[in-house]
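Chemist: Please find one structure pasted underneath; my questions will follow.
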Amino acid sequence: MYRNQKPLGTFVEFQHRMATVCCLCYTEPQNLTDNLTSVSEFLLLGLSDDPELQPLLFGLLLTMYLVTVLGNLLIILAVSSDSHLHTPMYFFLSNLSLADIGFSTTTVPKMLVNIQTHSKYITYAGCLTQMSFYFLFGCLDNLLLAVMAYDRFVAICHPLNYPIIMNPRLCGLLVLLSFFSSLLESQIHCLMVSQLTFCTDVEIHHFFCDAPQLLHLACSYTSINTILIYFIGAIFGGIPLSGILCSYSRIASSILRVPTTGGKYKAFSTCGSHLSVVCLFYGTGLGVYLGSSISPSPGKDAVASVVYTVVIPMLNPFIYSLRNRDIKRALWGIISITA
């Protein structure tokens, strides 16, 4: 049945096929007239145009990406291999590590290829696909952090009912709900951008395709799209953040009622790693988008996005492993077996 099927001819054709599968809203660019053109590719300007900095950037980004993938894979392996870590908290942590790998993989490999090949172009289909996965894994990170905050709230404020409330069925349902909510957000952004028309200027002052950057290139009316982006951000970003703040306010009040200093420290230590990750994630995320809206600066936005998309996923395994005895014990067990 596959005898008459034509082989995949070009990399561009492959990206168009991938966009059809991964970005459900993908449509071909519209045929435009006059001063508009049918856009088939964009130009990612990246972090720097200085040729002397390209080898340094390549080595630095490659090292950070490999550390990110290896560190998060070790977390997943440690949780899956140690029966003592088969608890809701570590189940959510392993899913967060998987989302971090996807988040970095969405942007960094393409940037490395562009630096190595001295080509900054990305196809229209590839751009929509990259943007779709970026919002998918970014939103999934966001929602999983909110779920983990709720897990810590139940563990500290309702310790006796914790095994009943955080049962395996609820944990799986929360992860699935987070994934499909993230998929919905990514497809909304993809559908919105696919309806735009673009001028001949296709230079994106960034190292990946982001919806606000594409809106700046559009020749069509984008005020409604801009409002929609902030509205979606308020829903998919504001609601989880509100849940995290609410959970930690209840956690703080419960910890303050603990009579002994040792008891307070023990209770806080169970959520210290998660709180550190939340501060890093939301601090840099809000800095990226609020900074770009108040005082737009392509260079500063790109550097802040590197922290948001590369540095934080790399730091998460270190934050959780260095502050967690169970994870360290499981990792040492893996190392001793391999050695």
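Even glycines carry a Cβ here, placed using N, Cα and C.
Since this is a predicted model, take the numbers as computed values, not measurements.
Quick paste from TrEMBL:
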- 71-320: domain 'G-protein coupled receptors family 1 profile' (DOMAIN)
- 56-79: transmembrane segment (TRANSMEM)
- 91-112: transmembrane segment (TRANSMEM)
- 132-150: transmembrane segment (TRANSMEM)
- 170-188: transmembrane segment (TRANSMEM)
- 227-246: transmembrane segment (TRANSMEM)
- 267-290: transmembrane segment (TRANSMEM)
- 302-322: transmembrane segment (TRANSMEM)
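Buried or exposed, and what's around them? Tell me for each listed feature.
Modeler: Here the transmembrane segment (56-79) has long-range neighbours at 47-48, 85-86, 90-91, 93-94, 97-98, 100-101, 104-105, 108-109, 111-112, 115-116, 310-311, 313-314, 316-318, 320-321, 327, 330-331, 333-334, meaning same-chain residues at least 6 beyond its ends whose C-beta is under 8 angstroms from one of its own.
The list of residues near the transmembrane segment (132-150) in space but at least 6 beyond its ends in sequence, with Cβ under 8 angstroms from a Cβ of it, reads 22-23, 89, 92-93, 95-96, 99-100, 102-103, 106-107, 174-175, 177-179, 181-183, 185-187, 189-190, 208-211, 236-237, 239-241, 243-244, 247-248, 271, 274, 277-278, 281, 309.
Within the same chain, residues 139, 142-143, 145-146, 149-150, 181-182, 185, 188-189, 192, 211-212, 215, 278, 282, 285, 289 sit at least 6 positions outside the transmembrane segment (227-246) and bring their C-beta atoms closer than 8 Å to a C-beta of that stretch.
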Chemist: With a Cβ cut-off under 8 Å, give me the same-chain residues at least six positions beyond the ends of the transmembrane segment (302-322) that come close to it.
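Modeler: Same-chain contacts beyond the ends: 46-47, 61, 64-65, 67-68, 71-72, 74-75, 93, 96-97, 100-101, 103-104, 106-108, 134, 138, 205-208, 210, 273, 276-277, 280-281, 284-285, 287-288, 291, 328, 331.
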Chemist: Which bits of the chain, at least 6 residues beyond where the transmembrane segment (91-112) starts or stops, bring a Cβ under 8 A of a Cβ in it?
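Modeler: Non-local partners: 44, 46-47, 58, 61-62, 64-65, 68-69, 72-73, 75-76, 79-80, 122, 126, 130, 133-134, 136-138, 140-141, 144-145, 147-148, 151, 171, 174-175, 207-208, 309-310, 312-314, 316-317, 320.
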